[in-house]
Structures are given as structure tokens and as C-alpha cells.
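Copied over from Swiss-Prot:
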ACT_SITE  GLU105  active site, proton acceptor
BINDING   THR28, GLY29, SER30, THR31, ASP83, GLY84, ALA85, ASP86, LYS96, GLY97, GLY98, GLY99, LYS123  substrate binding site
Amino acid sequence: MNADDQKKAAAVRALEFVKPGMKLGMGTGSTAEHFVRALGEKVKAGLDIVGVPTSERTAKLAASLGIPLTNLDDTPHLDITVDGADELDGKLRLIKGGGGALLREKIVATASDRMIVIADASKLVKTLGSFPLPVEVIPFGSAVTARKIAEVASAHGCTGKMSRRADEYGEPFFTDSENFIYDCAFGSIPDPDGLSAALNRIPGVVDNGLFIGIAAMAIVGTDKGTDIIEA
């Protein structure tokens with residue numbers, strides 16, 4: 001199976017953990033969209049669930065498929081969240097945020113009893129960091145914040161190019177919360193736990209794309225089917 005087939009296989013396997021009456025968090029990105037589309041087919045066939053999307057993009061897709069939607073203000077407790085990952089390691093530590101929705105994804109995931117990660121085999125790595133780490137920052141004073149990010153990263157053994165994300169027109173990319181994202185190409189992150197905590201102590205940093213101690217399970221698509229990794 002190619003990578004997209006592996007994503008689909010993982011998404012379909014995740015449906016096994018969805019039960020009638022559940023309140024679900026729905027992730028953002030190409031892998032999560034496979035799950036949302038598969039979930040839409042189940043809803044069309046009569047499955048009774050309600051979903052909380054992690055982005056405007058996911059909300060539009062889910063609505064187009066007839067999936068009933070709610071929000072965390074009205075539904076503050078969720079049963080599971082199913083989302084993709086840009087990278088994951090054997091301890092179920094993740095890098096997320098390639099789709100620009102890391103803050104909402106983390107809020108929704110931590111409002112859930114369980115987070116289930118779905119991914120193709122290429123996303124499973126020994127050491128996080130090959131995928132650039134997204135860090136969400138407020139626009140005010142962002143250049144100062146970026147310098148602080150570089151200093152903190154260096155103190156945790158991470159160096160590399162940092163760049164403010166741009167949209168397809170070359171203009172600054174804004175998240176759904178109207179913040180910037182700096183993508184940090186560290187190559188390797190030797191201490192994900194320490195780096196994540198240190199980054200979030202920087203004034204101006206809203207959050208970062210390291211998900212530590214959040215995922216309960218990963219379903220990884222492979223050439224032969226799917227593998228499950230549990231925390």
C-alpha cells in the first residue's frame with residue numbers, strides 16, 4: 001500500500017473504537033480527513049454521534065457529510081479524539097501542526113478521555129524532529145519571541161532554521177485564532193518533554209506542536225495492514 005492507502009486503512013480501523021452516542025473530537029489534515037469521510041458514511045448509515053472539529057476546514061468537511069456538530073462550550077467532555085500526526089515516536093510523543101491547527105487540536109485532545117492517532121508508516125520515527133516543529137505565537141512582538149524560541153531551543157540541544165509560515169500567496173499565514181506559526185527545522189529533538197515545557201514558558205508563545213503524554217493509542221497503516229501502539 002502507498003502512504004495514502006495506509007492513511008485510509010488507519011482511519012477505517014479507528015472507526016472500530018467509535019460507539020453510538022459518543023462525542024468525538026475530529027482532527028485536521030489529510031489523514032484526519034480520511035477518518036471524517038469514513039465517519040460520514042457511518043453517520044449516513046445511521047450511526048448516532050456528535051463531533052467537535054479542530055479547525056474551520058474540518059468543520060466544513062464534516063458539515064458537508066452530514067455529521068452533527070457541536071463545540072466545547074456546549075460539550076466540554078469528549079469520549080475520544082481521532083487525529084493524525086506529522087511525526088510520532090514509540091512513546092506516543094507527537095509533532096503536530098503541519099495543518100496549522102495545533103492549538104485547537106491540543107485543546108480538543110485534552111478534553112477527551114482518549115486521543116487516538118492515525119498515521120501512515122512513514123510518520124513513525126525513532127527520534128522526533130525531522131518534521132519542522134510548529135510553534136504558535138501571537139503577532140505582537142513576534143520577532144522578539146522568535147529569538148527567545150531559538151535561545152531556548154539551543155539550550156535543549158536543538159538548532160536549525162526557523163521561518164515564519166506563509167500562505168500560498170507568500171503572505172503571513174494566520175491560524176484560526178489569528179496567530180503566527182514559526183516552523184523550526186531542528187532535525188532532531190533529543191529532549192521533547194523538556195523542550196515543550198520550556199517553549200511554553202516564553203511570553204508570546206501560545207503553544208507548540210509537541211504533544212506529550214496526550215495520545216493513548218496510535219493506529220499505524222503499514223504495507224500489510226495496521227499496527228496498534230498503546231501508551
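Keep in mind that glycine also has a Cβ here, set from the backbone N, Cα and C atoms.
What Swiss-Prot annotates, mapped onto the structure for a quick look.
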{"residue": "THR28", "record": "substrate binding site", "contacts (Cβ under 8 Å, 6+ apart)": "PRO53, THR54, SER55, ARG57, THR58, ASP83, GLY84, GLY99, GLY100, ALA101, ARG104, GLU105"}
{"residue": "SER30", "record": "substrate binding site", "contacts (Cβ under 8 Å, 6+ apart)": "ASP4, LYS7, GLY84"}
{"residue": "ALA85", "record": "substrate binding site", "contacts (Cβ under 8 Å, 6+ apart)": "THR31, LEU94, ILE95, LYS96, VAL117, ALA119, LYS123, PHE211, ALA215, ALA218"}
{"residue": "GLY98", "record": "substrate binding site", "contacts (Cβ under 8 Å, 6+ apart)": "GLY29, ASP86, PHE131, PRO134, GLY209"}
Substrate binding residues THR28, GLY29, SER30, THR31, ASP83, GLY84, ALA85, ASP86, LYS96, GLY97, GLY98, GLY99, LYS123: largest Cα-Cα distance, in Å and rounded to whole number:
16
Near-site residues: substrate, ref THR28, GLY29, SER30, THR31, ASP83, GLY84, ALA85, ASP86, LYS96, GLY97, GLY98, GLY99, LYS123, CB cutoff 8 A to centroid:
GLY27, ALA32, GLU105
Pick the one among the binding-site residues LYS96, LYS123 whose Cβ has the fewest other Cβ atoms within 10 Å in this structure.
LYS123
When a 10 Å sphere is centred on the Cβ of the residue listed as 'active site, proton acceptor', how many other Cβ atoms does it contain?
32
Helix, strand or coil: which one is ASP83 (substrate binding site) in, per DSSP?
strand
Give the helix, strand or coil assignment DSSP yields for LYS96 (substrate binding site).
coil
